[in-house]
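If you look up Swiss-Prot, you'll see 52-82 marked as domain '4Fe-4S ferredoxin-type 1'. Sequence annotations record features per position, and here Swiss-Prot assigns [4Fe-4S] cluster 1 binding site to C62, C65, C68, C111 based on similarity to another entry. Annotation comment: Swiss-Prot describes C72, C101, C104, C107 as [4Fe-4S] cluster 2 binding site. Feature annotation from Swiss-Prot assigns domain '4Fe-4S ferredoxin-type 2' to 92-121.
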Amino acid sequence: MFKYIGDIVKGTGTQLRSLVMIFGHGFRKRDTLQYPEEPVYLAPRYRGRIVLTRDPDGEERCVACNLCAVACPVGCISLQKAETEDGRWYPDFFRINFSRCIFCGLCEEACPTTAIQLTPDFEMAEFKRQDLVYEKEDLLISGPGKNPDYNFYRVAGMAIAGKPKGAAQNEAEPINVKSLLP
């Protein structure tokens, strides 16, 4: 009999403690954000959607060197090189399968022209998996991205309309890397 009364007192105490705890949490600041109305805080170096940028002249920065595809641990990047009449390389097609991408950022680190960059955009939900395969037209943005003044061909040098490398306007003289060796 005393055991039965002890169980009732113990159960009532547990219920009262739970009610006090719930009542106390009702006046605290909410941890949950109302997502669409309140934007989510993202870290400054958050790695989200991948984009292809343009150089300051408005041309594609990508030179189809294939380093991003080689660096990708899951193999979600595919591209094919083409060449313009003046010898400039560009990707004939550039494709990223975001259903396989792990957003590790290795492609961005491998890119010598800073053409491929990760943005803080994370809203990429789709109903069909095929819609997560982005082509070059979907990835290209109108601006230069994180490095607005960098132009790969000004740094690397390229013969333009009969001029030798380094003789064009705003182009630095090419550096002989063998002269830099110790």
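Just so it is clear, glycine is given a Cβ too, placed from its N, Cα and C backbone atoms.
Distribution of Swiss-Prot features across the structure.
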{"residue": "C62", "record": "[4Fe-4S] cluster 1 binding site", "contacts (Cβ under 8 Å, 6+ apart)": "L52, L79, Y90, P91, F94, C111, T113, A115, I116"}
{"residue": "C65", "record": "[4Fe-4S] cluster 1 binding site", "contacts (Cβ under 8 Å, 6+ apart)": "W89, P112, T113"}
{"residue": "C68", "record": "[4Fe-4S] cluster 1 binding site", "contacts (Cβ under 8 Å, 6+ apart)": "I77, L79, C107, E108, A110, C111, I116"}
{"residue": "C72", "record": "[4Fe-4S] cluster 2 binding site", "contacts (Cβ under 8 Å, 6+ apart)": "L106, C107"}
{"residue": "C101", "record": "[4Fe-4S] cluster 2 binding site", "contacts (Cβ under 8 Å, 6+ apart)": "I50, V74, C76"}
{"residue": "C104", "record": "[4Fe-4S] cluster 2 binding site", "contacts (Cβ under 8 Å, 6+ apart)": "R47, P73"}
Fewest other C-beta atoms within 10 angstroms, as judged across C107, C111, which are the binding-site residues: C111
Other parts of the chain folded back onto the domain '4Fe-4S ferredoxin-type 1' (52-82), taken as Cβ under 8 Å at six or more residues beyond its ends: 88-98, 100-102, 104, 106-117, 136, 139-153
Tertiary contacts of the domain '4Fe-4S ferredoxin-type 2' (92-121), as residues 6+ beyond its ends and Cβ separation under 8 Å: 42, 46-53, 55, 60-65, 67-82, 129, 132-136, 139, 145-147, 150, 152
DSSP three-state assignment for C68 ([4Fe-4S] cluster 1 binding site): helix
DSSP three-state assignment (helix, strand or coil) for C107 ([4Fe-4S] cluster 2 binding site): helix
Conformational class of C62 ([4Fe-4S] cluster 1 binding site) under the three-state DSSP mapping: coil
Extra residues within 8 Å (Cβ to Cβ centroid of C72, C101, C104, C107), [4Fe-4S] cluster 2: I50, C68, A71, P73, V74, C76, I77, I102, F103, G105, L106
Check: same-chain CB within 8 A of [4Fe-4S] cluster 1 site center, minus C62, C65, C68, C111: V63, A64, N66, L67, L79, C107, A110, P112, T113, A115, I116
